[in-house]
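Taken verbatim from Swiss-Prot:
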type	residues	note
SIGNAL	1-29	signal peptide
DISULFID	93-104	disulfide bond
CARBOHYD	103	N-linked glycosylation site
DISULFID	141-149	disulfide bond
DISULFID	151-168	disulfide bond
DISULFID	215-229	disulfide bond
DISULFID	217-224	disulfide bond
LIPID	221	O-palmitoleoyl serine
REGION	254-287	region 'Disordered'
DISULFID	299-324	disulfide bond
DISULFID	313-319	disulfide bond
DISULFID	323-363	disulfide bond
DISULFID	339-354	disulfide bond
DISULFID	341-351	disulfide bond
DISULFID	346-347	disulfide bond
């Protein structure tokens, strides 16, 4: 589990985190963090092979559902983008929940149990997975790593000029269409599936809402005789923040859940919320996360998490909450870190090694 206060520190440490995608029931099409197979350590860059159809083998190694595998094989760049998307989603999930009792534990048995239930945490996993794929695919298009898509083709922007001047727009139109088809949708009679698909779409919509128009002026002496504009996605860290807020305000739609199967029964619309289309559909029209079941406390080890015993916490920030009232242990240790760094000509950084004493807080069992 990743336990750091700075995103950059553990982004580098978790470089190798990726996926195996699940082959579920024929009518299902789940992806990444919401698959039933365990996440597996693989390189972010798939090994190169001399064969012309090497990407076929890459798609097969991901163990996709039949339709997903067919879509993967259409373009040599898809397989690597899928791997990148899941890694990005997992890292962002763990970063957003680093101060919470549930810190996005992705070990196989905990995640498998969680996905059988319609918790808020489950809703977040669906949203962050679809958002990660949408973001990664749009970026792959604009970076030229895909054969079936290039830069954004927004009719209101001068993409020819944007491309000429190096301002290639992220192709959200292609990526969102691909993701909706890739994730698919089971029968509308399957209520749990409709909730999952709704949360998938929330992830896509948050990506769309974060698109910004970036412009650059060109002309003599800094004049703006020509202005080139292109569309650009928000950093994925911002997407994660928005989805975390939606997690915190997730709407519960009533359910009866079979403990053995995790299948949801009848659900009723949340009070005061407009129903969606489809005659009595309880899902909101607005892009809000929805869940079926109340979440456990995640305080003690169980089916859904390893609990919080031994978890590091910050005394002034979250020890009381994370430790669930059990208190925390304090350990003093001496650490050595680079300090007083200076750039020397040419071309290296010279640092002193400074020692300092720090206190580490961990939850009692």
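All positions are counted from 1 along the displayed chain.
Cβ from N, Cα, C; glycine included.
These numbers come from a predicted model, not from an experiment.
Most Cβ neighbours within 10 Å, among the disulfide-bonded residues 93, 151, 313, 319, 341: 93 holds that distinction in the structure as shown. DSSP classifies residue 339 (disulfide bond) as strand under the three-state reduction. Highest local Cβ density among the disulfide-bonded residues 168, 347, 351 belongs to 168, counted as other Cβ atoms within 10 Å over all protein chains shown. If you take the C-beta of residue 141 (disulfide bond) and look for same-chain residues 6 or more apart in sequence within under 8 angstroms, you find 149, 150, 151, 152, 170, 171, 174, 175. The recorded positions close to residue 93 (disulfide bond), defined as a CA atom within 10 A of its CA, are 103 out of 103, 215, 229, 351, 354. Between the CA atoms of residue 323 (disulfide bond) and residue 347 (disulfide bond) there is a gap of 47 Å. On a Cα basis, residue 299 (disulfide bond) lies 10 Å away from residue 363 (disulfide bond). Here the C-alpha separation of residue 351 (disulfide bond) and residue 215 (disulfide bond) works out to 40 Å. Nearest by CA distance to residue 103 (N-linked glycosylation site), out of the disulfide-bonded residues 217, 224, 313, 324, 347, is 313.
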